[in-house]
Ligand SMILES: O=C(O)[C@H](O)COP(=O)(O)O
């Protein structure tokens, strides 16, 4: 029974500073590195045959730190792709989330952050729906075939790129996805059948 392990990167420097990050390539904070290590320690007994990450350093370094802490070999087959990047936050990138909420109101900021189909302002800004339009085809073309081949797959990515994947796996509605928040550095483990259907899923530990 193959496993799919989804991990949101550890706390980044801009998570710490409460800034919209999106595609900006910020490093992990010291706490984020520690979260990655703890995630890895909990993964010691989980098999991993293949690793997927975004191209952003906070996801790449989370996977490296976690795999080392899990005692896995350094040369696991790995694919990195922009398709797994965080949603692009458009003109919000770099702004402080609390200050933006003061300026535009909590409700508007919640819509930008959590709604399914409202993109943040700016030409490049992606809604969750836009994000899913790149994560899900990638998932189906790359990750699903590995699962169907019986491989245990680790995906280290981002709050919203993972929300789009979880929405599809758990068949969440647009309303349900509004309340979905994925914590940093806590592996979410899916048991799948050989056709890629979800049998069960659970976080590996609670913080
Ligand atoms: O890009 C960001 O700012 C964060 O990684 C995720 O942000 P969110 O919690 O606003 O979705």
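Placement of Cβ uses the backbone N, Cα and C atoms for every residue, glycine included.
According to TrEMBL, the active site, tele-phosphohistidine intermediate annotation covers 9. Taken from TrEMBL, the feature active site, proton donor/acceptor applies to 86. As annotated by TrEMBL, substrate binding site applies to 8-15, 21-22, 58, 86-89, 97, 113-114, 159-160. Annotation comment: TrEMBL describes 158 as site 'Transition state stabilizer'.
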Distance-selected binding-site residues near ligand 1 (C-beta under 6 Å), from 11, 22, 159
22, 159
All chains considered, the count of other Cβ atoms within 10 Å of the Cβ of residue 11 (substrate binding site) is 21
How many Å lie between the Cα of residue 159 (substrate binding site) and the Cα of the residue listed as 'active site, tele-phosphohistidine intermediate'?
8
Top of the recorded positions 9, 87, 97, 158 by count of other CB atoms within 10 A is 9
Just how many other Cβ atoms lie inside 10 Å of the Cβ on residue 22 (substrate binding site)?
23
Fill in the CA-CA distance, residue 158 (site 'Transition state stabilizer') to residue 8 (substrate binding site), as an integer in Å.
5
